Amino acid sequence: SPYALSIIMSSLAAGTTLTLTSNHWFLAWMGLELNTLAIIPLMSKTHHPRATEAATKYFLIQALASALILFSSTTNAWFMGEWEITSVSHPMSSTILTIALAMKLGIAPFHFWLPDVLQGSNLFTCLILSTWQKIAPITLLIQINMQLNTNLLIIMATMSTIIGGWGGLNQTQLRKIMAYSSIAHLGWMMLVLSFMPTLTTLNLIIYMMMTTTMFIMLMNLLSTTMNKMAMSWLKNPTTAALMMITLMSLGGLPPMTGFMPKWLIIQELTKQNMIAVMTIIALSSLLSLFFYLRMSYSMSLTTSPNLSNIYAIWRQKNKNMMFLPMMIVFSTLMLPITPTMMNMMN
């Protein structure tokens, strides 16, 4: 029903807005809960056992993380007498809060729910889970970045980049590949959070643009597996070619937009003398690049043997959206503005 969908989307927007604008931990918790309750109907609307399983897993994990957030904020108020978001000064509260927000985001080692939940959802719901649902928890982390445990963040971020690259190598389901891609990108964001939160914000914006573009093209091509990607040239050659460029940008190859945050983060880690961590995450990004290249290969250099060019769908019907070309430009051609972004962050 369009009325139900409008209520759900309005609730998602209201929940994120409430968390972004609140100064009290209880209001921020209410916004996170509103986000969780609004996305569950979208996940379970297909009436399939896998969708029900995904909705149940998501609800249980988010409920546990919300309980930890409420517990940590209450503990901080008990010891320090403060309910403000920026006043989490008790070490135990700060550690519990970091773990809770990591569970909400799907950062390693609390990442196990994310691939299964995305696999049980449709592509539109996966788009919301991978982009919009990340905004509120990351905003809370940015607001309290001075009180966070830096060593804990670095350990979780390094694990996320390694697991995000390693876990996607053996996957054939595109939604699981995008889930591991999300885990790897979140690791890059968390790594620089304590040193330069503006760089985390830039990374989040670029990640959301690239992931949104990727999911919109997957929805246009109706592709959910590697086998269906082999038929992309027959469905829409233009979208398939642009998807290859977007995949290269997600992998962080130099002329593309996705190289910008990796370049700036490595530069910041070098300033902090974190050479070992920088080497590990740079090598783990090669793992992610491998499965992006494998997706490009299966889409461009292989063709399904059971289809002929006579049945090319793009000749009869073009389902490109109006704003997709603009999203592709933003996702792939923003590297020349890197000096401007560096001046804005400094």
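Backbone N, Cα and C atoms are what each Cβ position is placed from, and that goes for glycine too.
All annotation found in TrEMBL is predicted automatically rather than curated by experts.
Taken straight from TrEMBL:
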- 22-287: domain 'NADH:quinone oxidoreductase/Mrp antiporter transmembrane' (DOMAIN)
- 26-46: transmembrane segment (TRANSMEM)
- 58-80: transmembrane segment (TRANSMEM)
- 92-114: transmembrane segment (TRANSMEM)
- 152-170: transmembrane segment (TRANSMEM)
- 177-196: transmembrane segment (TRANSMEM)
- 202-222: transmembrane segment (TRANSMEM)
- 234-254: transmembrane segment (TRANSMEM)
- 274-293: transmembrane segment (TRANSMEM)
- 289-342: domain 'NADH dehydrogenase subunit 2 C-terminal' (DOMAIN)
- 323-342: transmembrane segment (TRANSMEM)
For the transmembrane segment (152-170) and the transmembrane segment (323-342), check the count of CB pairs under 8 Å (sequence separation 6 or more) and say whether it reaches 3 or more.
no
Here the stretch out of 26-46, 58-80, 92-114, 202-222, 274-293 with the most C-beta pairs under 8 Å to the transmembrane segment (177-196) is 92-114
Can we call the transmembrane segment (202-222) and the transmembrane segment (323-342) in contact, meaning three or more C-beta pairs below 8 angstroms at a sequence separation of 6+?
yes
Feature contact check the transmembrane segment (323-342) with the transmembrane segment (234-254), CB under 8 Å, 3 or more pairs
yes
Distant-in-sequence neighbours of the transmembrane segment (58-80), which means Cβ under 8 A and at least six residues beyond its ends:
25-26, 28-29, 32-33, 36, 39-40, 43, 87-90, 92-94, 96-97, 99-101, 103-104, 113, 117
Long-range environment of the transmembrane segment (26-46) - Cβ separation under 8 angstroms, sequence gap at least 6:
4, 8-9, 11-12, 14-20, 52, 54-55, 58-59, 62-63, 66, 69-70, 73, 83, 85, 104, 117, 120-122, 124-125, 128-129, 133, 136-137, 140
Give me the mean pLDDT over the domain 'NADH dehydrogenase subunit 2 C-terminal' (289-342), rounded to a whole number.
72
